[in-house]
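Listed features, source Swiss-Prot:
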| type | residues | note |
| --- | --- | --- |
| CARBOHYD | Asn71 | N-linked glycosylation site |
| CARBOHYD | Asn78 | N-linked glycosylation site |
| CARBOHYD | Asn101 | N-linked glycosylation site |
| CARBOHYD | Asn109 | N-linked glycosylation site |
| CARBOHYD | Asn150 | N-linked glycosylation site |
| CARBOHYD | Asn158 | N-linked glycosylation site |
| CARBOHYD | Asn177 | N-linked glycosylation site |
| REPEAT | 225-247 | repeat 'LRR 6' |
| CARBOHYD | Asn230 | N-linked glycosylation site |
| CARBOHYD | Asn332 | N-linked glycosylation site |
| CARBOHYD | Asn391 | N-linked glycosylation site |
| CARBOHYD | Asn429 | N-linked glycosylation site |
| CARBOHYD | Asn437 | N-linked glycosylation site |
| TOPO_DOM | 473-915 | topological domain 'Cytoplasmic' |
| REGION | 482-503 | region 'Disordered' |
| BINDING | Ile533, Lys534, Arg535, Gly536, His537, Ser538, Gly539, Asn540, Leu541, Lys555 | ATP binding site |
| ACT_SITE | Asp657 | active site, proton acceptor |
| REGION | 851-915 | region 'Disordered' |
Amino acid sequence: MVDQRRSALGFVLLLLCLVLFFDCVVVGQTQSRFSEKLILLNLRSSLGLRGTDWPIKGDPCVDWRGIQCENGSIIGINISGFRRTRIGKLNPQFSVDPLRNLTRLSYFNASGLALPGTIPEWFGVSLLALEVLDLSSCSVNGVVPFTLGNLTSLRTLNLSQNSLTSLVPSSLGQLLNLSQLDLSRNSFTGVLPQSFSSLKNLLTLDVSSNYLTGPIPPGLGALSKLIHLNFSSNSFSSPIPSELGDLVNLVDFDLSINSLSGSVPQELRKLSKLQLMAIGDNLLSGTLPVDLFSAESQLQTLVLRENGFSGSLPDVCWSLPKLRILDIAKNNFTGLLPYSSYDSDQIAEMVDISSNTFYGELTPILRRFRIMDLSGNYFEGKLPDYVTGENVSVTSNCLRNERRQKPSAICAAFYKSRGLDFDDFGRPNLTQPTSKNASSGISRRTVIILAAVGGGVAFILLFVILPIILVLCMRHRRRAAQRGNNDRPKPAGEASQQPPKGAQTFDLSRLGNAFSYEQLLQATEEFNDANLIKRGHSGNLFRGFLENGIPVVIKKIDVREGKSEGYISELELFSKAGHQRLVPFLGHCLENESQKFLVYKFMRHGDLASSLFRKSENEGDGLKSLDWITRLKIALGAAEGLSYLHHECSPPLVHRDVQASSILLDDKFEVRLGSLSEAYAQGDAYQSRISRLLRLPQSSEPSSSGVTNAICSYDVYCFGKVLLELVTGKLGISSPDNALAKEYMEEALPYISTNEKELVTKILDPSLMVDEDLLEEVWAMAIIAKSCLNPKPTRRPLMRHIVNALENPLKVVREDTNSGSGSSRLRTNSSRGSWNAAIFGSWRQSASDVTAVQAGATTSGGGGGGGGNGLRNSGSQGSSGRNNNNNGNSSSSRRRQSSEIVPEPAAYGVVEDNL
């Protein structure tokens, strides 16, 4: 009996202990979860995040966005795409100290969220469980802490698209579990650490768009699992290591835009899985190995452009089964095109073999390409049917009956040097003797023909040259009058820095500092190729540091190459125009007769083309890019700069080179317009002058000669392509050299409609994370882009109206709901409908339809001939109302309709018709 009581008592005590134990566990978990919730609330406060994402009353593991838990503990935080409160937006900081106590945290993603500041040292001390760290596009600056090498569990490290500087820490070579490493689009300097050779699990290595120098470490050949390798846009030198041929799993191989030298290693033939090989824009030379690619190669893109390759291109390169792009332009390749046939399923996108020395006849192998640039070679014979159309360029060859070909003497000499015959474009040999009678007959006909041709030429010359002489005389008289009004003594020391004789005169004392040639030599290390940023059409750009350590960009212009007109125009522009949206001009050096130098402030984020796009770390084709807020900021900044040139300069200035690469970005992504050497006063280009005199119709597109007419609507068209590039994330839409841009725009524009917002998601950059409000802003920008891309120049909006629209994007797509009366709503709908019709209704109309729309717009304006002016004034009132809200004018305080933000283009169409 006693034993039974003892057993029962023991069982009760055991049960009591278990209850107490589980109670302690539950209490501990509750306290732990509560403390972690407090940590996240502190993080929300320090980063200024909105409470709707992390509400105080919710359970972080259940109700909070971006939180991942395991066994009740927080192990993952994703705040990418989060929006800040109004106060949080005013002063964003890298303030994440509360994370220090989340020792089990294995995932942290803040990509796209502005975190200006340096990465804390304690990241590599307190967060040792981290497996994923993504701080891409976070405005992080400073150096990468050496302690990150302690995060040995790390599998993904993405620090791309920031402002990180100094050396890449060698301690990153200790992250042996790392599979994704992306350091692209920063300002890293120095050499790539040899310790990276230890990262044997690496699948992606991207250090593109930095300032790295020195050789590529041969030890990288040991990274046998590597799939994506991108070292482009740096200053790597020395030959390509043959050890890279051991990367047998490599799919993407990009070493373009560096200073690599030597020949292509034979060992690269082992890269049988390659889909992309880009080694263009280097100093490579020699011949390509014949067996570099096999007939079973998976290669889709081959870029060898702008090197010094010679010899023949291996025949297999033309018939690669999956080839889409072949770009070998600007080399010394030579030989005949192969006569091999192709499979009809092997249609490729583009081939660019321009500026080489290929010769002979064009062969059927070209049938597989949709877009072809064959210019600058020595092809002869007749142009085949399959090499025609607007997507083909064959200029500067030796083709028969084609325009803009090389002189026959040059072609004959080229073929003679190779022991080949040339038929002189198929013309008969005029040196053969003829009979006396035939000679007499030909002579009489010749006299008649020459007389007729001579008379016609004389008439044309009189009709064309006389107006030109009159215009030049008037301009000369006007300039003389201006010089008479502006004569003054020149400052001391200015004489040595005068523009060349015959140039437009301007005041150099207002153009920044006059640098000496020795200063610029020292700043650029004697213009070392390692400091070369890019070769531009108006001069080569070098990075450098002045004596006081200020980073600068120096444009080197070779006057002997005929580039003097561009720099003179640029100096004249800077002497007369000044605006915060133009690239800061620091000075010049004009003391050298054959070379001139212009000095600009260094833009830390380069240009839009290099800051917007980068390859995704995934194997897909997606692009990862700037967040939407930054894109809209860039679009507005560029529009403000162009609006200044168009509307605040007299006469209006046309930029003529608006594209992503001419939109420069400082360290805060503020826009500065560059590439100003092409700027002209509206209507001042030579062809435009002739068109005005003869009343010929003008086009806003480049002419066949490559000269663009200087009218503001051309800038608007190009700006529309930039906006479309920002919306879609498609690389190179705004580039004038991109042959695919026109085709893509024709495919994308039907998805832009003022009536259906969801359509725009079909072309939206997939890397953008946007909520409903932001999607409406995207929609609005797409609508503005489409209006800019109207094929009729007179129906494109003015740039100042585009600025208003980008400042108020939601008003472009939202109807006014503040008005209560039916008549007000009717006016709103009518106004919006007119704007829709102005943008889209005439997209495919003829010129007569445009006139009809203009007449209708004038009539609806309710004032006879004043309808157009009324629309223009409404836009101006809206702008002034934004700056003077207390003037008592009710019209300035009401919400503007979409047609007021960007008035109907028909209202100002007459102005451009008279240009």
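Positions of Cβ are set from backbone N, Cα and C atoms, glycine also.
Per Cα geometry, Asn71 is the residue among the recorded positions Asn71, Asn177, Arg535 nearest to Asn78 (N-linked glycosylation site). The highest number of surrounding Cβ atoms within 10 Å, among the glycosylation sites Asn78, Asn158, Asn391, is found at Asn158.
Each of the glycosylation sites Asn109, Asn150, Asn230 was scored by the number of other CB atoms within 10 Å of its CB, and the largest score is that of Asn230. Of the listed glycosylation sites, namely Asn71, Asn101, Asn332, the sparsest Cβ surroundings within 10 Å are found at Asn71. In the three-state DSSP scheme, Asn391 (N-linked glycosylation site) is classed as coil. Taking Cβ-Cβ distances under 8 Å and a sequence gap of 6 or more within the same chain, the neighbours of Ile533 (ATP binding site) are Leu541, Phe542, Arg543, Val553.
Taking every protein chain shown into account, Arg535, His537, Gly539 are the binding-site residues, and of these the Cβ with the most other Cβ atoms within 10 Å belongs to Gly539. For the recorded positions listed here (Asn177, Leu541, Asp657), the lowest count of other CB atoms within 10 A around the CB belongs to Asn177. Closest to Asn109 (N-linked glycosylation site) by Cα-Cα distance, out of the recorded positions Asn150, Asn230, Asn391, His537, is Asn150. The ATP site, placed at the center of the C-beta atoms of Ile533, Lys534, Arg535, Gly536, His537, Ser538, Gly539, Asn540, Leu541, Lys555, has further neighbours from the same chain whose C-beta lies within 8 angstroms: Lys556. Taking the C-alpha positions, the distance from Asn332 (N-linked glycosylation site) to Arg535 (ATP binding site) comes to 19 Å. Residue counts of the repeat 'LRR 6' (225-247) by helix, strand and coil are 5 helix, 8 strand, 10 coil (DSSP-based).
The separation of Asn230 (N-linked glycosylation site) from Asp657 (active site, proton acceptor), Cα to Cα, is 29 Å. Pairwise Cα distances among Ile533, Lys534, Arg535, Gly536, His537, Ser538, Gly539, Asn540, Leu541, Lys555, which the record gives as the binders of ATP, peak at 14 Å. Cα of Gly539 (ATP binding site) to Cα of Asn101 (N-linked glycosylation site): a span of 54 Å.
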